[in-house]
């Protein structure tokens with residue numbers, strides 16, 4: 001079998017496993033089967049030839065798949081963390097996925113994400129992008145708690161808005177091409193289509209990545225979701241927004257103004273989210289705001305690089321190195337938080353691994369994170385160095401906060417199971433070491449990170465953060481609930497509803513509004529919606545299985561034709 005066959009297999013294997021996992025006889029072993037889902041993608045990232053196009057005539061609009069240098073890094077990182085998070089999920093979700101919906105969503109999200117990273121045309125990109133978005137929703141609401149349901153509502157509302165924005169931008173750009181749907185054609189059309197297309201694309205990708213002010217789904221979703229789901233959402237799915245921005249935006253997009261806006265929002269969000277993260281009391285909420293901060297910085301840096309006229313391929317590769325490191329390190333932190341919560345404490349070995357991963361994200365010299373930060377500094381020349389240093393300080397502070405809120409009580413029971421702890425160690429080790437294999441791809445060379453000036457510039461922000469934490473750690477700051485801006489908006493809406501009720505009663509002239517009757521109607525409507533949701537949940541596996549079989553049949557027909 002040619003190594004090129006690994007490219008379509010990277011998408012097909014998760015789809016097949018998703019279909020098999022809903023069969024009654026295999027449902028109990030669905031998460032075990034899911035461990036094989038990322039293997040083809042990982043093999044494709046390592047072995048498949050880059051730059052060669054695989055065509056699937058008749059599938060969608062003649063699907064084209066291609067492995068680019070940056071796509072290989074995004075793909076390899078996502079599949080590696082999906083594999084290790086799957087090992088954790090197999091143990092953590094044991095007995096908690098009787099219907100198989102979690103495993104189904106797990107595999108479908110991976111298939112969609114792989115399609116995003118391998119897409120050679122706009123239709124394939126959007127199909128994968130939408131699948132990754134919508135299949136992630138059951139992962140968020142899996143626990144069924146009020147917190148999870150609220151997070152799911154916020155997530156799906158913003159996901160739909162983001163999908164509409166991306167789809168609209170791609171459609172407008174496609175209309176301005178000469179019938180071509182290749183990624184390069186869409187990118188060129190977007191650059192010359194005026195500000196509308198880049199604004200739509202940036203809006204959609206910003207929602208996926210969690211750029212302030214459309215970041216509010218992240219702290220709610222990551223906190224409510226099981227730890228392995230939060231790990232893949234933060235480490236991989238959210239990276240589709242960064243990948244899409246690097247794929248479709250260019251320096252000339254919309255005259256440059258939309259890119260500058262993305263830069264400004266990204267740099268603001270890098271500091272805002274870190275400061276809000278310092279006020280959180282739950283480990284996963286702290287990590288969620290840290291993720292918002294880091295991806296905001298990445299989008300801001302990407303915008304600065306585009307504005308400075310850097311080459312597109314170079315920017316995409318630097319963004320990929322950053323995404324690889326952040327995905328592995330942040331997944332290690334989420335899984336570590338889940339393992340610590342399950343144990344009721346944080347064993348010393350686990351705490352050391354989490355501390356190293358956290359320091360790497362903050363830019364520890366000679367770590368993978370330090371290398372990724374240097375790639376940003378080197379390639380995204382338009383980014384002010386002072387902002388990079390300030391971001392390193394705030395990043396270190398918020399990750400110290402994460403370590404401080406981890407469980408620290410007496411250990412209960414036996415040791416943390418290896419299936420929960422070993423993935424954390426491997427992810428942390430990968431975050432520290434794997435980016436070193438990409439120094440040439442990042443364009444910085446092996447000697448650049450070893451220069452004394454770079455070592456000093458990377459070290460002193462961490463030392464400064466340690467001193468600041470030591471001095472101010474006992475201060476009681478403001479408490480900002482997870483969701484921050486959304487909480488304020490919801491409070492304003494509730495106030496407006498109360499005010500409208502009072503106004504309605506004053507205008508009724510002796511016929512006061514009857515809130516009990518209205519509430520009864522709302523409850524009946526809610527009951528109907530819950531019944532509809534329950535029915536859809538029962539039928540979801542069968543519907544998706546039928547859709548997958550239809551898709552597979554179409555692919556086979558196309559291949560045979």
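Cβ atoms here come from the backbone N, Cα and C positions, even for glycine.
According to TrEMBL:
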DOMAIN    119-343  domain 'NADH:quinone oxidoreductase/Mrp antiporter transmembrane'
TRANSMEM  6-23  transmembrane segment
TRANSMEM  30-48  transmembrane segment
TRANSMEM  68-87  transmembrane segment
TRANSMEM  125-141  transmembrane segment
TRANSMEM  153-175  transmembrane segment
TRANSMEM  229-249  transmembrane segment
TRANSMEM  255-275  transmembrane segment
TRANSMEM  287-309  transmembrane segment
TRANSMEM  349-366  transmembrane segment
TRANSMEM  386-404  transmembrane segment
TRANSMEM  424-448  transmembrane segment
TRANSMEM  454-472  transmembrane segment
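Counting Cβ pairs closer than 8 Å and at least 6 residues apart in sequence, the transmembrane segment (229-249) and the transmembrane segment (287-309) reach three or more and so form a contact. No contact links the transmembrane segment (153-175) to the transmembrane segment (255-275), because fewer than 3 Cβ pairs that are 6 or more residues apart lie under 8 A. Across the candidate stretches 30-48, 125-141, 255-275, 454-472, the maximum count of CB pairs under 8 A to the transmembrane segment (6-23) is reached by 30-48. Where the transmembrane segment (386-404) meets the stretches 255-275, 287-309, 424-448, 454-472, the count of C-beta pairs under 8 angstroms peaks at 454-472. Away from its own ends, the transmembrane segment (125-141) comes close to residues 11, 60, 101-102, 104-106, 108-109, 111-116, 118-119, 148-149, 151-152, 155-156, 159, 162-163, 166-167, 170, 183, 208, 221, 224-226, 229, 232-233, 237, 240, 244, 247, 540 of its chain (Cβ-Cβ under 8 Å, at least six residues beyond either end).
Counting residues 6+ beyond its ends, the transmembrane segment (287-309) has Cβ neighbours under 8 Å at 205-206, 209-212, 215, 218-219, 221-223, 230, 234, 238-239, 241-242, 245-246, 249-251, 253, 256, 259-260, 262-274, 276-277, 280, 315, 318-319, 322-323, 326, 330, 333-334, 337, 361, 376, 379-383, 387, 391, 394-395, 398-399, 402, 482 in the same chain.
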